[in-house]
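Take a look at the structure below.
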């Protein structure tokens, strides 16, 4: 039996299928050991010897390999064919050697693609380990350790908020910071262009002025509006004819197949993938045997692969799309190693594979590789110059025509944007056939103003390209370097562009000031050259390390001796031109804008650097590092914005794929009736036939929190009013929304007949009448609701029984009027004041609403001629409702009857009442608007437990802590809204059909799907992760047997070296109150500004040392608290007195809670629990019988209460 060892289980499964029964294939699951994070792991004084430590979570993997080796005849190391793969094989070999398990026959095989042919060929041609590659790995690992382990402790002690520094990551961060400084220092320059729209042979085109008054125009030649208008005038008045036509053929060649770098760039541009996501997908495709090895600098393809590609092109297209000779490519990137093929599909006949993001990436790789062997595209580029009669002014137009598409039929490479590239979109226009002497029609001439733009911020694609161009890092490390910058919160992503955070800018400034050489682009690229020389056997790895360490060590010792205050002062001077720029107005840029006497300076704080006034604490003016002149006071809440009014009850919001805020429970315009114009008469809401009248978003006439009636009637707000007050009906949140009044018992009016007095609406009021069928009043027309798409303008509505009443609204569309009627002819008198029921209960009654705009007045007549109905202006764009009730008991009419002896008295009373009502309505509306704004306000605050975000005010406010990896000063409304929306639903799992939830807990961000959890690396990943990445994360967690809850907390997150105090391993654990470190005897919680991922061994030792020095007083306090508790339980006679004193105890608990709600992200819960316990026990001792019958659980509760009550309280 032969044992084959590879890195991953997927690769092992594929290879085992090809090799057959004579082989056993096991996976090491990546690296098996590394340098421990402790002093002495690399010893420069002993030839840079290294001490390795096995990963604790790989113990069972190693055990499986060791057991299998014992039963095998030979060992075949088949890890990846690069520096890291060679290192993994070397580590396995060294480990087996130390345990004396190494078999006699050890071979190394490599293959660029996991296909049957490649694997069997590799097995037939084994080799030995490549010592040059191993030495290059050792040199790189030692360099990273020496830089990181030496610089990071300096940062922790001298630079608040800094987490780590690295040989490559710090240089990549400098690129981002330098670009940001370019943007900030950029001064836009105005320039103008003059263009003319022309036409010939019915084909339009645009020409640009390139020569004016005999001078050739450059981009910035026309600098102001005056010049532009003069040039525009000359073009308008000139007669232009074609003076020159130049046509030349152009060929475009395809790009070579992907390297690691170009794959990351193109996947970011075309697919929007992060570099790390691209590499995870490519790794999976490689292990499944679908593509070749994905970590490569090479652009060449194997001859057999080229032949397969040319065959596929011929089959899919025709012979004209295949070049005469196969295309050969050579890499142009700096520090490239062409040991491996380019990234290509293993089978060109397969144009689709896998699913989701895997399929999208595979298709991109397949198209690029196939197009690289296709024929060139043939184009014809034409340039036409048009000159006016003076010969001084020249217009130019450029166009091109594709004669043969060639490879463009299949693939065209994307390009990064260029802010100042105005010609990028030119040159592709279709031009008419123009000859010398032709005079195209001049249609319009325009002068356009422009401003030069700063260079764009780096995207992942452009940052990778820049790193590749400068020779910084290796293509295989680009993704991990960028991910570290994001995980450390040194950069943030905004619209897929990198912006340096305050911590990132401060770290870069520190390194530039004190370690400028080691973060220079040339020095870093030079180190990469040295590593390549080691890989090729042309340099000694120990000499390279010695040359580096000889200068680096003294520099770090020099900086370590300086005090933090001196470091901050140096940075203050170094950053002065940026932090306090001189505006040239004679004003001191360091003068405090708040007190005007203090001077601003750079200070260090818990969350990093900031600008503060020298008069602190008298003046509390501060501003963020790089924030500008608008400072803040951290003691005051900072308003970030307002939530939309139609967010759901909890303030949770939904987000689009681009991160835009979407109301969680909004329906479409067709569903709600809300149009762009603002108002529709009706809105249908979810429920069993429920409908509600919908007006403006700023003043809903119904309570969205109240459930609608399940019988199909609108849920209404019933208000009972007395005297001459107006009774509310319909869909109203208060009595001012829809007011209806009726006067009854007017004898003078009844003798002469019905007098319908309608208080007219403000705009275009029509008239509506309602009559019975008893002949007492004629029916007039009514603009009825358009039901089922009906557009009838007039409708006569009658009541067969002669009894009209009000009910619930209909749900017809665009209804201006809705009539409320009863089938049984009875009036629901529940809302009628008691003193008027006798005069109105036996009468037929109806009322109508008259809105302010585009609605109708309504008058009502009845057979008894005793009721005078008034239509009162409602102030809303809602008409009258047409709905029938099934029974009188379901009717929701509100009728207020006002007895009077004269019509004039009624009119005066109504006018006075309307004035008062209008004023009170305005006050109430203003109050409601103010309360609504407070409830929707999103603020950033700082409380006892740190910074947090709050939505609303008071005890009902929603709060969420600012995550540890987010700088509180950088939280804007968009980020705050997304944090408040957590946890969020990502989508249904394609296998289980269960919802995947992304949230954050005591252990940080996580994914949850049907009780299965997966960790997320950062808040950014929590907010941005999509369904495909979430499924991959959950699968990886299941594969790694990740556990959650109590089980997870029992296993260490990270194991450091042995403690110098206890000589036991120092471990990072998950505890009940969050992550902590332990050395077996002392436990120390992590500070809030330290993430578990960034914690190093030195930090852990410092935390444990500080915790061990702290006095232990908690146990003494607990013992003292138990003594009065015992006395109180035995003193039964004092129980009645407790009832009087305990009324004050809940008050203190309430006060604590209120303080927590207003000032802290996490309300204090323990005082509330004590208050409940005291109230319970205070009542029970009052009755002796109750005390005797009390079970043991109540006695325990009484004991707990007595413990919480001081002795002097009982005495009172």
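Sequential numbering from 1, following the chain as shown.
Just so you know, glycine gets a Cβ as well, placed from its N, Cα and C.
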Response to the item:
Among 158-163, 164-169, 170-175, Swiss-Prot lists region 'Interaction with DNA' at 164-169
Item to complete: Scan 592-619, 620-647, 648-675 against Swiss-Prot and say which stretch is down as zinc finger.
Response: 592-619
Item to complete: Could you check which of the recorded sites (31, 156, 295, 488) sits closest to residue 141 (site 'Interaction with DNA'), going Cα to Cα?
Response: 31
Item to complete: Could you check what DSSP calls residue 141 (site 'Interaction with DNA') once collapsed to helix, strand or coil?
Response: helix
Discussion item. When secondary structure is assigned with DSSP, how many helix, strand and coil residues does the domain 'Toprim' (1-114) contain?
Written reply: 45 helix, 27 strand, 42 coil
Discussion item. Please report the Cα separation of residue 144 (site 'Interaction with DNA') and residue 488 (site 'Interaction with DNA') in Å, rounded to an integer.
Written reply: 17
Practice prompt. Would you mind reading off the Cα separation of residue 156 (site 'Interaction with DNA') from residue 31 (site 'Interaction with DNA'), to the nearest angstrom?
Written response: 29
Worksheet item: Around residue 140 (site 'Interaction with DNA'), which residues of its chain at least 6 apart sit with Cβ under 8 Å of its Cβ?
Response: 83, 531
Worksheet entry | Least buried by Cβ count (within 10 Å) of the recorded sites 31, 141 | 31
Discussion item. With Cβ-Cβ distance below 8 Å and at least 6 positions apart along the chain, what are the contacts of residue 295 (site 'Interaction with DNA')? List them in sequence order.
Written reply: 80, 82, 84, 260, 340, 475, 476
Worksheet item: Including all protein chains displayed, how many Cβ atoms other than that of residue 488 (site 'Interaction with DNA') lie within 10 Å of its Cβ?
Response: 24
Worksheet item: How many whole Å apart are the CA atoms of residue 488 (site 'Interaction with DNA') and residue 31 (site 'Interaction with DNA')?
Response: 23
